[in-house]
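Listed in Swiss-Prot:
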COILED    213-911  coiled coil
COMPBIAS  919-928  compositional bias 'Basic and acidic residues'
COMPBIAS  1228-1249  compositional bias 'Basic and acidic residues'
COMPBIAS  1291-1306  compositional bias 'Low complexity'
COMPBIAS  1326-1352  compositional bias 'Low complexity'
COMPBIAS  1382-1395  compositional bias 'Acidic residues'
DOMAIN    4-122  domain 'Response regulatory'
MOD_RES   D48  4-aspartylphosphate
REGION    137-172  region 'Disordered'
REGION    874-893  region 'Disordered'
REGION    919-947  region 'Disordered'
REGION    1212-1249  region 'Disordered'
REGION    1287-1312  region 'Disordered'
REGION    1326-1395  region 'Disordered'
Amino acid sequence: MERRVLIVESEHDFALSMATVLKGAGYQTALAETAADAQRELEKRRPDLVVLRAELKDQSGFVLCGNIKKGKWGQNLKVLLLSSESGVDGLAQHRQTPQAADGYLAIPFEMGELAALSHGIVPPGTDDTGASLDAALNGTREAPPPMPPSLKAAAGGPPKLPKRERRSAMTEEDRAFLDRTFQSIADRKAELLAESRQLKRPPPRRELMGTPEGKIQILRDELKTREAQLARLSEIWNVRERELLSGEDRIHEKDVELQGLKMQVDDLLRRFNEAQQATIQKEREHGATVDDLLLQKFSAEKDLIEVVASKEKDINLLRREVSRAEEELSRRAGELEHGRNEYDKLEKHLGVVTLEFEVKEQKLQDTVLANEGEIARLTKRGDDFEAELNRTISERDQRFAELDGEIQALQERLQQTEQERDTTVRGLEARAARAEEHGTQADAEIHRLNAERDALEAKLSQQVADLEADLARTMGERDQLRLDKDAQEAELTQRIEERDAKLGTLERELSETIARNEHTEAELNANIQQQLERIGELEGEVEAVKTHLEDRENELTAELQALGQAKDELETDLNDRLQALSQAKDALEADLSRQLEELRSAKAELEADLTGQIQALTSQLEETQRQLDDSQRTGEQLSARVAQLEDTVSQRESTIESLQGDVAARDQRISELSGDLEATSQTLAQTQQTLAQTEQQLADTQNTLASTEGALAETRGELDATSQTLQQTQQTLAQTEGALAETRGELDATSQTLAQTQQTLAQTEQQLADTQNTLASTEGTLAETRGELEATSQTLQQTHAALEDTRGALQETSDTLAHTTRERDQRIAELADLGAAKDALEQELTGQIGHLRSELSETQGNYEAERAAHEKLAAESSAHIGDLTSERDGLRSELEATSQTLEQTHGQLAATRDALAREQHAHQESRKAAASTQTTLEGQLAEARAHGEDLGEHLTLTKHELGTRVAELTQLTATLAQTENTRAHLEERLHTLTEESQRREELLQNDLTQKGTELSDTLRKLTHVTQEKMRQAEVLNREVATRTEQLKAMEAKLQTQATEARRQAEGLGQQITGLNEQLEQGRKALAGREDQLRAAGAAQQKLTAERDGLAGQLQQAEARLQQQAQQANQERADAKRAADELAAKLAKTEQRITQFAQDAQTQATEADARAKDLQGQLSARAKKIQDLELAVENAQGAKSRAEKELNAKVAAAESKAHEASTRLAAAQKERKDLEARHAKEQEDLAAKQKAELERRDAIKAQEVARLQQSVQEKSKALKVAELELARYKSKSATTATPAKAAAKPAAAEDDELAVRTQLNQVIAPAAAAQAPAPAKKPAAKPAAQAPAKKAPAPAPAPPAALSDESEPTDRTLVIQLPTAKEDDDWTALVDELDK
């Protein structure tokens, strides 16, 4: 069995949150907002734990805790005290008192602490035995027996109940009275219930009416019947209380469930927001990871390309060495063949001239031995070359295998990177799928909650339909009355709009109705004393009507006060608006001054900034031009150096055998220098492009400066026009003040219209000022400005004419506008001071305008565009002025409509007065007609009473309907505001997500564009390098052909130089001298080249700092420059070594001149062979270059394909991520919409339930009031019967003669008492309305004193008793017994309560 917890908390939402937590912990909860509600709940159902708030509205929680701990509602009742103002010290101090609580919590606290503390004080689960023991110890009442079946109605249907005063709610006094009444019959409740089930009571017998004992018996039977009805009412009351408690418990459980669902929804939203933030963070991390991977990929590709290039370079070097070894081997083979041929010739010559060369035989043998040694050496060298060749080939193959392995590793790494990227993309897709699944689950949960809510609504609707069906079955005759009530409500709804016009009529009607009712009451008390019961009912109704009219009078008084307050608020609003206009005018003038100062400061800053930019650009341009000149000089020097090197190569053909390796190295250096020259040319082109962009920026900056100066000139012109317009405005304002001084005195209703007209006029003047400020831009447009100013002046005159027309209707506004006029005078004085300050400022600006007019010629190009813009603005201003004029006309029409409405209201008031006069006349005629006959008077009184009650009911229902509609309007307004906030929040979220997606898309597009640009630059450079290599190959081919031709020419020359050895030796000496000079020139050129290379390196470093995209290439260029510097040093060493060798050879040349003729042929043959070798090398080199170009193209194609695939995959991943984010945003939006609808439906349901509970409380209060009235009647009748019985018991001791003598007076007295028992004792008559209590006591005092007086003198006792009464003793009154109609009324009342 669940423990019960009572939560006493004034804040409903906080109480629901605590109830949700405790219900989740296994407790059953109930709520109470005040201490009184908590006490009632403790009296009805004893809880196991009370969660008490110390700060309550009606009573302190500490006091209530002390009452609970004192045992007022049972012993051992646990209390958990909450406080937000006492603090820890206050709670600790209260803990030391005898009435300390069982637990304390300081607000704010965690809900988990509340659950834990509650679990520690009272465990959530106990057995049924403990519960039964607690119930037995605490005196818990058992459930009352089931409600008895309802009595059947009469055959003709239940009669109409008498009209009674409706009460809004039950009070504590009413509840105490009900408890006392039901407790008085509790001991005989079962017997009374059994008697109440009798369908029909026998009518009283006629013979019992003649004796006092019979009358007492009749009164006893009537009293017993009433007690039986009270027993049934008490049973029905208990059943209704239990139903109400169960309904409140169910509503509380539903509220707790709704609060729990709200907390779950808030938790889900929080978790969803956290998941969304985590998803966004993961997306950002993924984007950063992808960017890092792309950068790593690009860097890896770049490194791979560099490695491939270096490896190809090494391969080229190895191939060059192999080709060099092959050439050396072929040369040695040629020399060997040549030696063999010489050997054959020598043998033949030896056979022929054996005798001649016997002397030379030893020499020849030595020569043969030397040749054989040389042959052996050459053979050994050939073998070494072959071994070296084999080793080189094996190393090349091994190197190729290593390169293949590295390429394979790089490809595997690329595949692994792609796999990782695919895995990451799949992970993101999985996350997106999980997010979508989570959104689907959330949607399903929301649908389930909606379904549960719909089921609860359907169940509640079914219950409401059942209750309405029961009410419809029991209230058959009220259906027609309800239709009439609806029709009258519609009519009253239409009359609500006219209630302001009927205030005076209702007041007069109130006074006349009160006077008429009092007069009618006096006449009825004087004329129809025999109809005392009806008179009592009429008196009660008159009091009810009086109360209703007094309430109506109070309401009308409150409405008049509200109208007066609204009038005061309108006057205050008018004054505030005038002050706001003055402040706005001051703020506008201050804003104009501030804008002028800002324009001046902006101009100075802009001029300084532009001057600095121009100086920086000029210095940058000079530096760029200097670098360009240096680059050009470097290119010219390099070209001259290339030409010098080519001449040196052509001049050194005679020493080709010793300088062949140097030629190959020099060719390589020339190609590298050509590449550097091309790179320098590209850098020069880029520098020129940068220079062009800089010049364009300089031109744009100058244009901006010119436009700024033009804008400044226009602003100054506008300032002049503003000053002029200000003076005109001051004049216009002075005229307006003179005109308004004559228009004082106005009705309170039209003062607001005048203020609106003045505000419109001020706005029109402000728009005129703005238009004039805009149109006075230049002196060329001054004529157009004046024309528009005249048009505006005409419009202003029309406005003044319209204002003069309005002045006729505004003659009573002097008192209202006096204060406004004084404030306006102050503002005029301030404007005059401001005008003087502006005049001084204009004088200062006049000198500046003269200086700026010289600069106006530069802005003529922008003048036409500005003029068109000003013309457009002038058209818009004219249109706006027309709109303001139409608005003024609309206000005038509204004023006329208001006047017409006021006249119609006066007409309606007059018509209402006439109708009231007619009604009064008709009422007087009706009263005269009622005086003629008693029956006519009774009928008219019944009609008047019914009409008054209907009016009261209709007025009450109208008030309730009006309050309900106001509450609904407030609720709809709050719902609309909440919906607008939700929509604004969703729009903001959507805008944020859209901007985020656009930003990411722009970043990706920029990255893609950057990568495409880098790729295109790389391809362009690679194409350029390929073309350069082809060009160098062609140059080399041409150089080889030229050298071949030179070699052929040299062969011809060598044949002719055999006889000119001496002259050639001298020529060689001259050539050596020239070579020395060329060597010196080469050294100087190398030194200059080094300086140029250093300057080029510095320029390249600076360009590297400016162009981040060429950083890698510039680093390579620097490395090449360093290599070139090293090669230049090596070249200088080689040149020195060659010069030393040439000097040594020059010393030996004279010795070998004699052998030169013999070696000339050999050298020619060797030259031919070398030329052929060079041709073969060049062809092989061209072939290798083509292979390399093909390989580079293949690599570029593979790289482009890989980049395309990677970009496609990245784009697909980004599109999927974007689609997932779009779906997620849509899901969030749908969820928000569902939550908004769900909240709105919950609020509607709560409002309906609240209205239903209020209606039920109203019905219950009405029934309780009726029961209280009937019980009071019964109790008074019972008291009278007891007094009568006591009197008759005292009479039983007297003799028969005095009894007969006193029979007639006793009968009269009995009749009087019987009649008095039927009176309505709740509402006193008009004569005793001010003191109802004293009126009741004298009525009972004579009857109580009668027996005491009769004891000593029985015979004269009856006259003495009768002398105390107000009625004469000789009248005979007929006792009006309860009829069947009254019985049926009570039966119908009880049956209605049963249902």
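Glycine is treated like the rest: Cβ placed from N, Cα and C.
Within the same chain, residues at least six positions away from D48 (4-aspartylphosphate) with a Cβ under 8 Å of its Cβ are R3, R4, V5, K78, V122. Under DSSP, residues within the compositional bias 'Basic and acidic residues' (1228-1249) fall into helix, strand and coil as 22 helix, 0 strand, 0 coil. Counting residue by residue with DSSP, the domain 'Response regulatory' (4-122) contains 52 helix, 26 strand, 41 coil.
Remark: secondary structure over the region 'Disordered' (874-893) totals 20 helix, 0 strand, 0 coil, with classes taken from DSSP. Across the domain 'Response regulatory' (4-122), mean pLDDT in this model comes to 87.
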